[in-house]
């Protein structure tokens, strides 16, 4: 299908969907999303502020945690405009180019989170398997280089996506199944040859999630081997306890991804609302839970929060 100017047809705007089949109760859904955003934004800003102001937190582990919090804020702010417009103001239209920009940032921050979790697993590996060289291996310059490397990898691998989508005609309507823009959702309303998009999308997923998760699993295999070699049971427990926050963050991030993939592959007849809700879990739950996990499980973070509140109320 061609537009008036002879170019492949692309709608001026795309229509977003809240939660399919939910005709009532939108106000409650809006309230839930607002609470999730507040917890995520306040929690991650709190982590960042604590790491910046507390000299005792100027250590590699907390620098990586700052990267994770900054990235989670990026995920939240990427989805926030259209989600609030959809549920709070019932405004469901988004400009086509703006949709492509949002899609790029959502996927970029998601892939960056995987890379940051891998860097954090390397931090735990060095801390437990080679503690004497921890400070010399994870210097500030190397941590900065790792952060920039994660950013560069995610940016360059995702950069072609908007252009690959832009070249396609859209002849299956303009209604998307989410309250934000995702590449798989756009492919459902695109026509023409989408094989390049699908193949490149699969390559990026395997290149990012596949490689990162494999190395995270490898690092914990080596960590477990090192821990089991420790004679004292108390020391073994202490060593494993330093990894619990990161293990929880990895599970919170990867379990929804695996669930979405399994549903998409083995339960294609699942109601659309199931796919939408799982995508919402994948994008909204990790940014909300990560600061809670690290606040509960990390003594230094808890102490910093307590000090801030004590000064505020003192």
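Heads up, residue numbers simply count up from 1 along the chain you see.
Note: Cβ is positioned from N, Cα and C throughout, glycine not excepted.
The domain 'G-protein coupled receptors family 1 profile' annotation in TrEMBL covers 43-294.
Sequence annotations record features per position, and here TrEMBL assigns transmembrane segment to 27-52 (among others). For the transmembrane segment (27-52), the residues of the chain that approach it from at least six positions outside its boundaries are 18-19, 58, 62-63, 65-66, 69-70, 72-73, 76, 80, 83-84, 87-88, 284, 287-288, 290-292, 294-295, 301, 304-305, 308, judged by C-beta separation under 8 angstroms.
For 73-92 (among others), the entry in TrEMBL reads transmembrane segment.
Among the features that TrEMBL reports, transmembrane segment is placed at 104-122 (among others).
Residues or ranges marked as transmembrane segment in TrEMBL: 143-165 (among others). Beyond the transmembrane segment (143-165), the same-chain residues lying 6 or more positions past its ends with a Cβ under 8 Å from any Cβ of the stretch are 60, 63-64, 67, 100-101, 103-104, 107-109, 111-112, 115-116, 119, 183, 186, 190, 196-197, 200-201, 204, 207-208.
Annotation comment: TrEMBL describes 199-223 (among others) as transmembrane segment.
Within the chain, the transmembrane segment (244-267) has long-range Cβ neighbours (under 8 A, six or more residues past its boundaries) at 68, 113-114, 117, 120-121, 124, 209, 213, 216, 220, 274-275, 278-279, 281-282, 285-286, 289-290, 293-294, 297-298. Annotated transmembrane segment per TrEMBL: 244-267 (among others), in sequence order.
Sequence-remote contacts of a segment are chain residues at least 6 beyond its ends whose Cβ falls under 8 Å from one of its Cβ atoms, and for the transmembrane segment (273-293) they are 17, 19-22, 33, 36, 39-40, 43-44, 46-47, 68-69, 72-73, 75-76, 79, 106, 110, 113, 177-178, 180, 182, 245, 248-249, 252-253, 256-257, 259-260, 263-264, 267. Taken from TrEMBL, the feature transmembrane segment applies to 273-293 (among others).
Remote same-chain residues near the transmembrane segment (104-122) are listed as 61, 64-65, 67-68, 71-72, 74-75, 78-79, 146-147, 149-151, 153-155, 157-159, 161-162, 180-183, 204, 208-209, 212-213, 215-216, 219-220, 246, 249-250, 253, 283, 286 (criterion: CB distance under 8 Å, separation of at least six residues from the stretch ends). Residues 15-18, 26, 29-30, 33-34, 37, 40-41, 44-45, 48, 102, 105-106, 109-110, 112-113, 179-181, 283-284, 286-287 of the same chain, all 6+ positions outside the transmembrane segment (73-92), place their C-beta atoms under 8 angstroms from a C-beta of that stretch.
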